[in-house]
Amino acid sequence: HAPMVAGSVVVDELPGASPPPGAAQIAVFITFSVILTLWTRAELAHRAIAAERAASERGASPSPSSSDDNKTGGDGAGAMPGSDGALSLGDVELGPVDKKDEDATAGGGDVESGAKAARASRGGDTAPVKPIVRVDEQLAKLAPVRCLLGDRRALIASRDTLRSWTELGCVLALFWIADRGGAVPDAEKHYDRDLFWAIFGALGAYGWFTTAKECRSNAPLNREQTEEWKGWMQVLFLLYHYFKASEMYNAIRVFIAAYVWMTGFGNFSYYYVRKDFSFHRFAQMMWRLNFFVFFVCLAMRNDYVLYYICPMHTLFTWAVYFALYVGREHNTNANVVLGKFAICFAAS
């Protein structure tokens with residue numbers, strides 16, 4: 001075997017060994033490690049606030065001897081509204097109320113001013129955020145920056161988002177460990193036609209008895225029909241690659257073409273009916289099509305075209321978008337739309 005040159009360092013790579021991590025892989029690892037740390041801090045802060053609120057509610061709960069006073073409006077501690085242990089979003093983000101804040105709102109003073117004082121003491125609307133380091137004022141208002149600076153309110157408010165990114169990082173780590181780390185040895189794929197169709201039949205029967213429902217629309221190729229069609233083709237795609245079912249190669253090519261056509265049909269229906277050509281909608285579609293494969297390419301050091309279905313969907317999404325965007329004021333004219341179809345067909 002020949003040595004592999006990595007920059008100015010010569011690496012003696014053994015046959016079947018994975019190359020050393022590159023700069024992109026190291027950056028992905030550091031990024032998701034930071035996200036994991038932030039999510040852990042957000043979870044700990046959320047649980048600490050929940051524990052503080054539960055403890056304060058237990059301390060403020062009335063004793064049996066004072067129940068009569070509570071019923072007659074006496075001086076005993078009455079049941080606080082919302083004392084069922086559930087945390088509202090504001091309470092979770094701002095934390096428990098201090099005793100002095102409760103006195104300010106219950107002591108006969110101005111309720112509104114007392115509420116503002118309570119929010120201020122908990123870091124609410126009137127309390128400025130004090131970052132750990134000095135940064136630009138506008139930049140410091142962004143949620144990711146506030147999380148990085150250790151703002152507890154921002155961490156708790158972004159807890160679900162941080163958890164989603166942490167799950168993505170775990171999936172990428174599983175990919176790398178299984179395919180690059182050497183933890184799972186390579187093996188030959190063996191195709192068994194009976195097992196292939198048995199698995200597909202079992203999944204079909206399970207889907208029929210658990211998810212079958214009546215369509216909300218009777219129009220041909222409605223959203224529910226096309227989504228289910230694409231879902232069954234995805235199952236066949238996975239089984240085809242898992243078993244390396246070479247005899248299904250031609251059928252899989254047809255399914256891929258049908259899948260791409262349905263993506264174009266769905267995009268055309270949306271732009272033609274909704275007439276929403278905003279950059280936000282277009283960028284959202286590009287993100288949905290490519291975000292996962294983008295991070296997989298970085299983590300695995302693979303080429304984008306290896307996951308060819310994503311470039312195909314992206315290309316035809318661009319084609320549909322710009323075909324309808326150009327001269328969009330004439331899209332109600334059937335002849336103009338047919339002319340755009342002809343131009344796209346000739347160009348492809």
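Cβ atoms here come from the backbone N, Cα and C positions, even for glycine.
The compositional bias 'Low complexity' annotation in TrEMBL covers 57-67 (among others).
The compositional bias 'Low complexity' annotation in TrEMBL covers 114-124 (among others).
Annotation comment: TrEMBL describes 161-327 as domain 'Cas1p 10 TM acyl transferase'. Across all of the domain 'Cas1p 10 TM acyl transferase' (161-327), the predicted model scores a mean pLDDT of 89.
Look at TrEMBL and you will find 53-127 tagged as region 'Disordered'.
Listed as Cβ neighbours of the transmembrane segment (22-39) (distance under 8 Å, sequence separation of 6 or more from its ends, same chain) are residues 147-148, 155, 158-159, 162-163, 165-166, 168-169, 172-173, 176, 295, 298-299, 301. What TrEMBL records for 22-39 (among others) is transmembrane segment.
For the transmembrane segment (251-273), the residues of the chain that approach it from at least six positions outside its boundaries are 221, 223, 226, 229-230, 233, 236-237, 240, 285, 309, 312-313, 316-317, 319-321, 324-325, 331, 337, judged by C-beta separation under 8 angstroms. The annotation transmembrane segment is assigned in TrEMBL to 251-273 (among others).
The transmembrane segment annotation in TrEMBL covers 279-298 (among others). If one looks beyond the transmembrane segment (279-298) by at least 6 residues along the same chain, the residues whose Cβ comes under 8 Å of a Cβ in the stretch are 24-25, 27-28, 168, 172, 175, 267, 304, 306-307, 310, 313-314, 317, 321.
Summarising the annotation, TrEMBL assigns transmembrane segment to 305-326 (among others).
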Do any residues, 6 or more residues outside the transmembrane segment (305-326), come within under 8 Å Cβ-to-Cβ of it, and if so which ones?
256, 259-260, 263-264, 267-268, 271-272, 277, 282, 285-286, 289-290, 293, 296-297, 340-341, 343-344, 347-348
